Amino acid sequence: MVPGPRPALLLLLFLLQAFLLWDSPVAASIQEQYCESLLPTTNHTGPQCNASVDLIGTCWPRSAVGQLVARPCPEYFYGVRYNTTNNGYRECLANGSWAARVNYSQCQEILSEEKRSKLHYHIAVIINYLGHCVSLGTLLVAFVLFMRLRSIRCLRNIIHWNLITAFILRNATWFVVQLTMNPEVHESNVVWCRLVTAAYNYFHVTNFFWMFGEGCYLHTAIVLTYSTDKLRKWMFICIGWCIPFPIIVAWAIGKLYYDNEKCWFGKRAGVYTDYIYQGPMILVLLINFIFLFNIVRILMTKLRASTTSETIQYRKAVKATLVLLSLLGITYMLFFVNPGEDEISRIVFIYFNSFLESFQGFFVSVFYCFLNSEVRSAVRKRWHRWQDKHSIRARVARAMSIPTSPTRVSFHSIKQSSAV
């Protein structure tokens, strides 16, 4: 007995035959019948386009010539899901044939939750890079201005200068972290990557302690009414640069013994070594808010009627510190906020946090340097001095100041006449 053909082979031959006949008149008739069976019947008189199926699989019904036909977007195409509430468009041409090109431009892909998360993550990364670039650029300009303008180098501006320096170093180490840390480095947990993390956290802490120095200076000058001449630069150097160092050393020792993995980034469940440096940051932030509450209270009561230039400077400094402390406080407290499971809340949290975290340096340079009236006045004087030195008017004035009269008697002629 000769065995008959297998069912799988018959199915393969049938599919092959259907594929070969797809563009044939027989296939066109099958397509037309298929579309007519799926779509409601439409009666048209005159020239018309027959029902057809395009390469994507969308059925286009029998339509009158010149008509722009709309059909829902395909639900799936090449494994990608699309929004079927939008439409694709195809024109029935005057010769009774369908346009070769179908307009599927309004068909949008329905992103999965994983794809949406990746998209928002990439946008947040772009915001972070943009913000840190802008911040670093403006901070460097502010640093150069404070360095060059020696006429405004008082204790208050020296504190501003050091705060800007701390932000520059923090932004620079952020770029080092982003450009050198990758999954392989994280897993290797080499010494240099742990040192980079420690340096970044150190400069992060110095930002808060220099803000604390700003608050201490204003509180001493306004609330305690001490003469600021009694304050010394070394006191603020100790607050801003020295105190954070043992804090980070203690944190590094804790990480080394209890959480020594992934270049000391992140934290394991049940391990709280990061609070060694986060705790002091929160503490000085709260103390600064108390300082500013007292400062604002004094300014609103005792100094309201005063219009001296020193009081105006204090008021501007308080406004800048209030804004910056709010920014620093909000961004840091956001790390302790749970945005919840709602997708919109998480998206807002990601973007808001990325923006404030990356643009902090920009706000610091704007409020403490570019809007500082002393800096602006000194820059204006420098600019006018430079203009006077290099202007054509100055050259002409210098040239005309030289005596050129024909009655001028030279020293040589006097010498000759006396000799005679």
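Using N, Cα and C of the backbone, Cβ positions are placed for all residues, glycine too.
The signal peptide annotation in Swiss-Prot covers 1-28. The disulfide bond feature in Swiss-Prot is assigned to CYS35-CYS59, CYS49-CYS92, CYS73-CYS107, CYS193-CYS263; the stated evidence is similarity to another entry. Residues or ranges marked as N-linked glycosylation site in Swiss-Prot: ASN43, ASN50, ASN83, ASN95, ASN103. Annotation comment: Swiss-Prot describes 117-147, 155-179, 195-223, 231-258, 275-300, 312-336, 344-373 as transmembrane segment, evidence class similarity to another entry. According to Swiss-Prot, the topological domain 'Cytoplasmic' annotation covers 148-154, 224-230, 301-311, 374-420.
Shown on the structure are the features that Swiss-Prot records.
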{"residue": "CYS49", "record": "disulfide bond", "Cβ contacts under 8 Å, 6 or more apart": "TRP60, ARG62, SER63, ALA64, VAL65, CYS92, LEU93, GLY96, SER97, TRP98"}
{"residue": "CYS73", "record": "disulfide bond", "Cβ contacts under 8 Å, 6 or more apart": "TYR82, ASN83, THR84, ASN86, ASN87, GLY88, TYR104, GLN106, CYS107, GLN108"}
{"residue": "ASN95", "record": "N-linked glycosylation site", "Cβ contacts under 8 Å, 6 or more apart": "VAL65"}
{"residue": "ASN103", "record": "N-linked glycosylation site", "Cβ contacts under 8 Å, 6 or more apart": "GLY88, TYR89, ARG90"}
{"residue": "CYS193", "record": "disulfide bond", "Cβ contacts under 8 Å, 6 or more apart": "THR180, MET181, VAL185, HIS186, CYS263"}
- request: Would you mind pulling the DSSP three-state label for CYS263 (disulfide bond)?
  value: helix
- line: Out of the disulfide-bonded residues CYS59, CYS92, CYS107, CYS263, the residue with the smallest number of other Cβ atoms within 10 Å is CYS59
- request: Determine how many residues of the topological domain 'Cytoplasmic' (148-154) DSSP places in helix, in strand and in coil.
  value: 4 helix, 0 strand, 3 coil
- line: Smallest number of other CB atoms within 10 Å: among the glycosylation sites ASN50, ASN83, that is ASN83
Task: May I ask for the residues of the chain that lie six or more residues beyond the topological domain 'Cytoplasmic' (148-154) and have a Cβ under 8 Å from a Cβ within it?
output: 374-375, 378-379, 381-382
Query: In Å, rounded, how far does the Cα of ASN50 (N-linked glycosylation site) sit from the Cα of CYS59 (disulfide bond)?
result: 11
Query: Which of the three DSSP-derived classes (helix, strand, coil) applies to ASN103 (N-linked glycosylation site)?
result: strand
